[in-house]
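Asker: Before we start, here is the structure in question, set down as structure tokens.
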Amino acid sequence: MKLPPPFKIRMADFLGPELEQFIEALGSESPVSIRINKNKYPFDIAYKPILWTQTGYYLPLRPLFTADPLLHAGAYYVQEASSMFLEQAIQQSLPVKESMNVLDLCAAPGGKSTHLISMFPADSLIVSNEVIKSRVPILSENIQKWGNGNVVVTNNDPKEFKDIKQFFDCIVVDAPCSGEGMFRKNANAVDEWSEDNVQHCALRQRRILADIWPSLKANGILIYSTCTFSKEENEANLAWLCEQYDAENVELNLEETWNVKESSFSGCTGYRFYPHRAEGEGFFLAIVRKKADDSSEFKFPKKRAKSRLLPLEDKNVTPFKEVFINAGNWKYYSKDEDIIAVPIAKAKEVEFLYDSLNVFSAGILVGQHTKKEFRPDHALALSVNLNKSFFSVIKVDKNEALKFLRKDDSVFSGGSEGWNLVEYEGLGLGWVKKIGHRFNNYYPKEWRIRLSLDKLQ
Ligand SMILES: C[S@@+](CC[C@H](N)C(=O)[O-])C[C@H]1O[C@@H](n2cnc3c(N)ncnc32)[C@H](O)[C@@H]1O
């Protein structure tokens, strides 16, 4: 790998005699790792565990992930190992109580968001935000596949959270950065690297932190991470945050076997992952807690204009109330023909966010209720709370699953007239509608596998 000389000089400053090992590691293959969705796949895994998380594993080789229906069913997420250190940050710095509000501010494509969803109890609310509009659909797809209803996906600039003060118990800022830690995975990152870009990224990160700081509750924690090594984007920004705001740095206990490097600057400590030390890509993470200040606790606005989300009356819910196993835990809303289900425990928060932000999706899109029928939505098929006994189920093998995921008009056997859930290894993949002898495939066309069947075998 041809590294920019000024980058090498910078790294020599950090690493001294370890520089050669670091450069050698950049020339080696990246480890391949996944994180399991225990709600969907609660089985023992035979692969080598990632040391700083309960649900991450290294794979010996990179398989063709597209050809695995379990990936499409949300049984796991393909994620770089160092990023899963987020779990230590949450576990060690936040006594996870019930009913928390969590924000993942820079969320696409959804690695940290799906991890946060797994870590917080179901009565918490995860807001997964992405400012770049074109990146929101892939974020939403990954969240839907994960299958939880306590999530709101938003498309806002950090500064648009200005009226949501002291609302979040935890904010994750996985900031856009110069990407030095991804040089091994992404050759473009090397070409795009420059000293100017490092400075540009550092300033943008400060703006993001400043914009979102008021949204953090007193005593709440903010987790700041990047996939880069530059001090400007990491320790210097952490120190700036502590100096500028009522923030105190939180330290973590590290196991020696993790090979994570503690890094202190101006009295603040963060954690660095180097590819020649820890088995993962370059990564930096640091935590701050907002110092207590009870003066401006979050309060829901008193007088509100009519909400854009209209609650459904009980009598209108009856036709689909049993679609969830925990039927009593949901509040239903209508938006045009769509029916949206939101956990009752966080309904008030979701309504508030719906009217304050640019919400892409909230809770589970249950389906559409037309004059003719109730049409289940794809998100419902992927829900971990789906009540399968409410629907007719067609179990498929791997080959049939792949045909279904390609959106082929394959003929299934069995099933009932009307809507059928297609299930692979116990997990919902989507819907087909049987009309006479015909099966119509309702897999979302934007999500379909584009490779031919022979390439998938
Ligand atoms: C490192 S990536 C996030 C990766 C993600 N957290 C994950 O784990 O899958 C940074 C994200 O920040 C977004 N971003 C870019 N500019 C931004 C800005 N000015 N404010 C907030 N987010 C921004 C990018 O679009 C990108 O999705």
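Each Cβ is built from the backbone N, Cα and C atoms, and glycine gets one as well.
Reproduced below are the annotations present in TrEMBL:
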- C227: active site, nucleophile (ACT_SITE)
- C106, A107, A108, P109, G110, G111, K112, E130, D157, D174: S-adenosyl-L-methionine binding site (BINDING)
- 1-291: domain 'SAM-dependent MTase RsmB/NOP-type' (DOMAIN)
Asker: Which whole number of Å gives the largest C-alpha distance between any two of C106, A107, A108, P109, G110, G111, K112, E130, D157, D174, the residues noted as binding S-adenosyl-L-methionine?
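Answerer: It comes out at 19 Å between the most distant Cα atoms.
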Asker: Sequence gap of 6 or more, C-beta under 8 Å: which same-chain residues meet both conditions with respect to G110 (S-adenosyl-L-methionine binding site)?
Answerer: Y77, S128, I138, L139, N142, I143, W146
Asker: For K112 (S-adenosyl-L-methionine binding site), which residues in the same chain are close in space, meaning a Cβ under 8 Å from its Cβ, but six or more apart along the sequence?
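Answerer: Long-range Cβ contacts: S83, L86, D104, V172, D174.
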Asker: What Cα-Cα separation, expressed in whole Å, is found between C227 (active site, nucleophile) and C106 (S-adenosyl-L-methionine binding site)?
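Answerer: That separation, Cα to Cα, works out to 13 Å.
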Asker: Could you tell me which of these recorded positions, C106, A108, C227, has the greatest number of Cβ atoms within 10 Å of its own Cβ?
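Answerer: Highest number of other Cβ atoms within 10 Å: C227.
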Asker: Would you mind pulling the DSSP three-state label for C227 (active site, nucleophile)?
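Answerer: Once the DSSP labels are grouped into three classes, C227 (active site, nucleophile) ends up as coil.
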Asker: Secondary structure at K112 (S-adenosyl-L-methionine binding site) (DSSP, helix/strand/coil)?
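Answerer: In the DSSP reduction, K112 (S-adenosyl-L-methionine binding site) maps to helix.
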Asker: Mean pLDDT over the domain 'SAM-dependent MTase RsmB/NOP-type' (1-291): what is the value?
Answerer: 96
Asker: Applying a 10 Å Cβ distance cut-off over all chains shown, what neighbour count does D157 (S-adenosyl-L-methionine binding site) have?
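Answerer: Here the count is 14.
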